[in-house]
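> Encoded as structure tokens, here's the structure I'll be asking about.
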Amino acid sequence: MAAEDVVATGADPSELEGGGLLQEIFTSPLNLLLLGLCIFLLYKIVRGDQPGASGDNDDDEPPPLPRLKPRDFTPAELRRYDGVQDPRILMAINGKVFDVTKGRKFYGPEGPYGVFAGRDASRGLATFCLDKEALKDEYDDLSDLTPAQQETLNDWDSQFTFKYHHVGKLLKEGEEPTVYSDDEEPKDEAARKSD
């Protein structure tokens, strides 16, 4: 609005600017839509996605399974825990068996890493290969991995140790399983030798 228009209407310029902005927001359908969208997004950000706040239960998620007692597995015994035959999902990485059931969306039958469920995933994770053919059915000693692949595998091992419950170890053919007490946690080979 030009200065002559303001003088001609006899209105205070500060009143017109404030009223003009509010008037522009509330009279334009597009601006009302954008304002509503901004308020909705602000509400979602502040409120967040709080589970149980709406009162509905997520029927897709089964109730959590009780913690598995420590024990060792042969590759054949491990295969049962693929999320199909048994609701629990176990994976072996670097000789350690982890309960990854809480990561069902990733490691379950329909997940992107479902090929590793109930298997020794070490070779697949070390080589970034998601093909079932890359995994061995028997114990894999991983002796042919390059140093870079071994380092990648160690990174995966650390990540799984931090995130998932370590259940036991993967047994080589003819190896005797460790007998764990009910409250004992499985240890890796280095920790076991230092005791």
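Cβ coordinates come from backbone N, Cα and C, glycine included.
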> May I ask you to name which of Ser143, Ser181 Swiss-Prot has annotated as phosphoserine?
Ser181
> What kind of secondary structure is Ser181 (phosphoserine) part of, going by DSSP in three states?
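It is coil.
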> Relative to the Cβ of Tyr113 (heme binding site), which residues of the same chain, six or more apart in sequence, are found under 8 Å away?
Phe106, Tyr107, Ala121, Leu130
> Across the domain 'Cytochrome b5 heme-binding' (72-171), what does the mean pLDDT come to, as a whole number?
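Its mean pLDDT is 93.
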> Return the count of C-beta atoms lying within 10 angstroms of the C-beta of Ser181 (phosphoserine), excluding that atom itself.
8
> Would you mind splitting the domain 'Cytochrome b5 heme-binding' (72-171) into helix, strand and coil residue counts from DSSP?
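So the counts come to 40 helix, 18 strand, 42 coil.
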> Once the chains shown are all counted, how many other Cβ atoms turn up within 10 Å of the Cβ of Thr74 (phosphothreonine)?
16
